[in-house]
Amino acid sequence: MAVTGCSQCIKYMLFFLNFIFWLAGGVILAVGLWLRHDSQTSNLLMLQFEGNQAPGTFHISVYVLIAIGAVMMFVGFLGCYGAIQESQCLLGTFFTCLVILFACEVAAGLWGFINRDTISTELINFYDAAYIKAVDPVDTSSRPAASKVLEVFHNSLNCCGKGDENPLFKTVQTSLCTEKTLQLDPVISQSCHTKIRELFTEKLHIIGLAALVIAVIMVFEMIFTMVLCCAIRNAPAY
């Protein structure tokens, strides 16, 4: 044990922050797995219609989140071990990984902010394509498939139609919507467009809050890592 006094306090504080960072990586990994296997999003994003898969932008984002969680757990372990061992090499590697992770998080945050409406818009367009076919009075070969797509949306989101009072939709509304949504007060919005936006806005808020907490922890870790490295370098034992 080379460092003493305040430097030793920083050493254990860095260990504690790295342990929190490791736990946060586990939480991020768990949230990513939950988002990937959440029944609402999974049911909607696994749909196919006329040979087209439902937009997978959300799933790509979730896979990135899972990867980040796994990397954070590894980096957190590296930081804990480096702090306890007072290893400049491990702490330097840990600091480099933190800088890279922080840069990636900022880039991902900017991309998410710019494209925050892309996921819901793509899924709404997919819903509308099936909606047009399902309400078509002409009995086409794609109409049964379109109806099944709408049924999945309506059952998963407890919604019914686009909220536009389309007379063609009213003729098939009973067969496409659940009894639960049909019995709702007309004043309450049943629009699937609204429900889709609410669904992904809620998920993005969870991701954004987690990212903000992790970013604050990472800033403090980078500061403490630099201070501890300087203290180790200047310690008499070294």
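Cβ coordinates come from backbone N, Cα and C, glycine included.
Automated prediction, rather than curation, is the source of TrEMBL annotations.
Sequence-distant contacts of C192 (disulfide bond), defined by Cβ-Cβ distance under 8 angstroms and a gap of at least six in the same chain, are I124, Y127, F153, H154, L157, C159, C160, G161, K162, G163. According to TrEMBL, the disulfide bond annotation covers C159-C192 (among others).
Less than 8 angstroms from the CB of C177 (disulfide bond) sit H154, C160, G161, each of them six or more residues away in the same chain. According to TrEMBL, the feature disulfide bond maps to C160-C177 (among others).
Positions annotated as transmembrane segment by TrEMBL: 12-36 (among others).
The transmembrane segment feature in TrEMBL is assigned to 56-78 (among others).
Annotation comment: TrEMBL describes 90-114 (among others) as transmembrane segment.
Annotation comment: TrEMBL describes 206-232 (among others) as transmembrane segment.
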Most Cβ pairs under 8 Å with the transmembrane segment (90-114), selected from 12-36, 56-78, 206-232: 206-232
Lowest local Cβ density (other Cβ within 10 Å) among disulfide-bonded residues: C159, C160: C160
